[in-house]
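Chemist: As annotated in Swiss-Prot:
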type: TOPO_DOM; residues: 1-12; note: topological domain 'Cytoplasmic'
type: TOPO_DOM; residues: 34-57; note: topological domain 'Extracellular'
type: TOPO_DOM; residues: 79-112; note: topological domain 'Cytoplasmic'
type: TOPO_DOM; residues: 134-145; note: topological domain 'Extracellular'
type: TRANSMEM; residues: 13-33; note: transmembrane segment
type: TRANSMEM; residues: 58-78; note: transmembrane segment
type: TRANSMEM; residues: 113-133; note: transmembrane segment
type: TRANSMEM; residues: 146-153; note: transmembrane segment
Amino acid sequence: HSSWYNRLFSNSGTICYVGLVWVLALGAILPNLFVGSLRCDPRIFSCTFAQYVSSYYTIAVVIFHFFLPIGVVSYCYLRIWVLVLNIRHRVKPDRHLHHQTWPYNIHGFITMFVVFVLFAVCWGPLNIIGLTVAIYPPLGDSIPQWLFVASYF
């Protein structure tokens, strides 16, 4: 385990990871320039992704930028939770040891879970509205402006 860790998280590996993050960030934003989906939206007073430019592109953005991360993280959390439950039922630690280690072990898991829930709550409304309008464009006029604006904030 330690040899893999030392290889993956070396100085050169870290530089590669930072470079990969920048390449992925540019790869995520460049299609907007070709589709022409960056527009000034007077409802939110900002230059943002215009969901009405291309239905297919909006569907792809919602799938790759929202549902795919939600699906992957949900799968990982399910696997982690099953593993934690299986280990907890297999090993019966001493009560004193249990009280010392359990809060520290579960604290990191709960913190990551809260971050995941916040991601879903913050980005969910905007992406669900965008996906709904992309699938059925006439519905876009019936969405109240306050709901659209609230989904951005």
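Placed from the backbone N, Cα and C atoms, the Cβ positions cover glycine too.
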Chemist: Could you give me three numbers for the topological domain 'Extracellular' (34-57), the DSSP helix, strand and coil residue counts?
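Modeler: So the counts come to 5 helix, 8 strand, 11 coil.
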Chemist: Any residues 6+ beyond the ends of the transmembrane segment (58-78) with a Cβ under 8 Å from its own?
Modeler: 28, 37, 49, 51-52, 112-113, 116, 119-120, 123-124, 127, 130-131, 133-135
Chemist: State the non-local partners of the topological domain 'Extracellular' (34-57) in its own chain: residues 6+ outside its ends, Cβ under 8 Å from one of its Cβ atoms.
Modeler: 129-130, 133-135, 137, 140, 145, 148-149, 152
Chemist: Which whole number is the mean pLDDT over the topological domain 'Extracellular' (134-145)?
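Modeler: Mean model confidence (pLDDT) across the topological domain 'Extracellular' (134-145) is 84.
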Chemist: Helix, strand, coil residue numbers for the topological domain 'Cytoplasmic' (1-12) per DSSP?
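Modeler: Tallied per class, the topological domain 'Cytoplasmic' (1-12) gives 9 helix, 0 strand, 3 coil.
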